[in-house]
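According to TrEMBL, the features are:
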{"type": "DOMAIN", "residues": "2-79", "note": "domain 'Lipoyl-binding'"}
{"type": "REGION", "residues": "83-135", "note": "region 'Disordered'"}
{"type": "COMPBIAS", "residues": "91-106", "note": "compositional bias 'Basic and acidic residues'"}
{"type": "COMPBIAS", "residues": "107-118", "note": "compositional bias 'Polar residues'"}
{"type": "DOMAIN", "residues": "126-163", "note": "domain 'Peripheral subunit-binding (PSBD)'"}
Amino acid sequence: MPTEIIMPKVDMDMETGKIAAWHVEEGARVAEGEPIFDIETDKAAMEVEAPANGTLHHLVPEGAEVPIGAPVGWLYAEGEEVGEPPVRKTQGPERAKEPSKSEPKTETPTPAPVTSTAEVAEEKPRATPKARKLARDNGIDLATLNGSGPRGRIQAADVAVLDDRQHAAPVPPAFNNEAGPLSVIRSRGGTGTPIVLIHGFANEAAAWSPIESHLSRRPLIRIELPCHGKSPKRRLSGFPELVSDVRRAFDDLGLEAAHLVGHSLGGAVALAIADTRGNRVDGLTLIAPAGLGPDINGAVIDGIGRATRAEGLGPWLRQLVADDTIITDRYVRAAMMSRKDPDLRAAQMAMADVLFPDGTQAFDLRPAIGRLAMPARIVWGKRDAIIDWRHALGAPGHIALHLFDGLGHLPHLESPDAIGQLIAATL
C-alpha cells in the first residue's frame, strides 16, 4: 500500500491549506525528510517534507485548497504498482478543491482522479516560503531568479543575492581622468579690481555672458570648474577637493584683490574661497548658492547629466527658470552641443554622485558664511525649483539679501539687467 501525503494542520483554526508550490514533479523519486511542497494559509507559509522514501504520484495541482488531513499525493515504494489513486480505508475529509473549478460537493468520499502537476501550467516559480517572503518584502519578481536548490528551487539565499545587487552602490561612470590646470578665460579691457566669476554645475564660462556688459568696466576672469567647459575631467573625492582645485586656479591668478561672483555650485565654491582667502576678496556675490541647506532637486541634476540629445535635455533645463519660454529650442540645442562629449557627461555624473548623493548636498557652508568679514550679498529667485530660496534666510544679518519674486534658479539669465546692475552697483 502506498504512503499517503496529507495536508498538515499548522495552526488551531486551520481548516484547509493551499498548495503553494511543488518542488518535485510527478514520478520523481524522493527521500524521507526531503522538502517536497509548500503550503499557504491565512496565517502561515511552510514547507512539507516527504514522510517516507518513494516515488511521487497522484499530486494535487498547485493552487488547490485541500482540507486538513486529506491526501495531496502518494508515495509508492520501489516496484509497487501504480494505478488509480488509492481509496482511504477510513472516510476522511473530502479531496482537494481545485481553485479553477466551482463544482458542487459530491457525496462520495472516494477521491476523483486529479491531473498531475506535469500537466498543469505552473503559476509561480518553485521557491521556499522564506524566499517568497523575502521577494515580496523587497519587490523582487521570483520569475527573474534562477534557483540554486534541488530541481531549480529558489532559496532565500538566491533572493538575498539579487537584493544585494539591486541595492549595491552604482558603478561610477567611466571616463578618462585628465591632469592639468583649470580653464581660465579673461576678458580684454576694464580697470580696477577684477571680478572673478565661477559658474554652476553643468554649465561653463559662457553662462555669464548675459550680464557681462554691466560688469565690463572691470577686468572679468571666468574660472571653469573641473569636468566643465575646457577644464580637465577628473574624478573628485568630495567638495574639499573641488574647492582646492578652484582655489589653486584663483591663487595662480596672482591677484591682490578681487570681487567673487558665484552661481549655485560655483556660489558654494566662491564662498569657500572667500572664507579661506578673505584678505584677497574685497566683495562676494552669491547667486542661488549651494551649501546653505541639505536639499536639492536631484532629479533635475540627474536628468541634465543623463541627457544625450536636445529632446531629452530641454525639459530639464526649463525647470531651471520661472518662465520656461526663456529656454528656447535654439538655447537647448546650443547647450547640448557643449555637452556632446560623452566623457564630459560621465565626469559630471560622477561629480554629482559625490557632491549631491541621493538628492542631498553633501557639504555645509553655513558656518563659513557666518565668518565672512567682507561685504557680501545673496541673490535668489523665489521660484527656484532646484534649491529652496529659504536657505538664504539662515544667513547672518550682515549679509545683504536680494529676493526676486518672478525668478527661478538662473536670475542672471532670466533678468540680466536687474542682476547685472545690482552687482555693478556694489563694486
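Backbone N, Cα and C atoms are what each Cβ position is placed from, and that goes for glycine too.
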- Query: Against which stretches of its own chain does the domain 'Peripheral subunit-binding (PSBD)' (126-163) lie, if we need a Cβ under 8 Å and a gap of at least six residues from its ends?
  - Reply: 20-25, 28, 34-35, 38, 40, 45-47
- Would you list the DSSP helix, strand and coil counts for the residues of the domain 'Lipoyl-binding' (2-79)? 0 helix, 37 strand, 41 coil
- Task: Take the domain 'Peripheral subunit-binding (PSBD)' (126-163) and count its residues per DSSP category (helix H/G/I, strand E/B, coil), listing them in that order.
- Result: 24 helix, 2 strand, 12 coil
